Structures are given as structure tokens and as C-alpha cells.
Amino acid sequence: MRTLSLLTLLALAALCLSDLTDAKPSGPESDKAFMSKQEGNKVVNRLRRYLGASVPSPDPLEPTREQCELNPACDELSDQYGLKTAYKRIYGITI
């Protein structure tokens, strides 16, 4: 068993150290795998455009939240039940 393991290891080492990795395939198929730098830059630049907004959009409920914070009753209710419910109970307006 020990000799079989040693032979397998030596065969694997010989395979790794052989010059098969330096061989290049011949034919037109080998050129299709690579692209020029200009084509590669076009692909990279195209993907960067769709990253999204650089800053987050403003919260639409921020003015409502500020108005509710100024009223102590609304502020207390918003802590217990949530902003929408508290604003509706105090001001009677649906957000």
C-alpha cells in the first residue's frame, strides 16, 4: 500500500512538472478565448454604469416624522404604535 501511494505521488509530481502547461493550442479557436484591451475596457465600462445611485434617496416620511416629533403626544404614540398610526390618530390624516 505504501509503494502504491508513493508511485501515485511521483506520477502526480511528474505530471505537474512536465512542460504540458507551456504548450499553446494551434488554430483559430485559441484566439477567440482572448479579447483586445479596448474590447475589455468597453465591457468593464458598460458594467460600471449600472451600479446605482451614489447617495441614498431622501426618506419621504421625514417631514411627517419631524412634525410628529414636535408634538409630545404624537411622539409617544409613534414609539408605541408606529409613525403612521400615531400620525393618523393625532392629526386624522392618512399618510
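Each residue, glycine too, has its Cβ placed from N, Cα and C.
Feature annotation from Swiss-Prot assigns Ca(2+) 3 binding site to Glu62; the stated evidence is similarity to another entry. Feature annotation from Swiss-Prot assigns Ca(2+) 2 binding site to Glu66, Glu69. Annotation comment: Swiss-Prot describes Glu69, Asp75 as Ca(2+) 1 binding site, evidence class similarity to another entry. Among the features that Swiss-Prot reports, disulfide bond is placed at Cys68-Cys74. Summarising the annotation, Swiss-Prot assigns domain 'Gla' to 46-92 and lists sequence analysis as the type of evidence. According to Swiss-Prot, the feature signal peptide maps to 1-23, an assignment based on a curator's inference.
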Neighbour-count leader, CB within 10 A, binding-site residues: Glu62, Glu66, Glu69, Asp75: Asp75
For Cys74 (disulfide bond): intrachain residues, at least 6 apart, with Cβ closer than 8 Å: Gln67, Cys68, Ala86, Tyr87, Ile90, Tyr91
Rounded inter-Cα distance in Å - Glu66 (Ca(2+) 2 binding site), Asp75 (Ca(2+) 1 binding site): 9
Distance, Glu62 (Ca(2+) 3 binding site) to Glu69 (Ca(2+) 2 binding site) (CA atoms, angstrom): 10
The domain 'Gla' (46-92) [mean pLDDT, rounded to integer]: 86
Integer Å distance between the CA atoms belonging to Asp75 (Ca(2+) 1 binding site) and Glu62 (Ca(2+) 3 binding site): 14
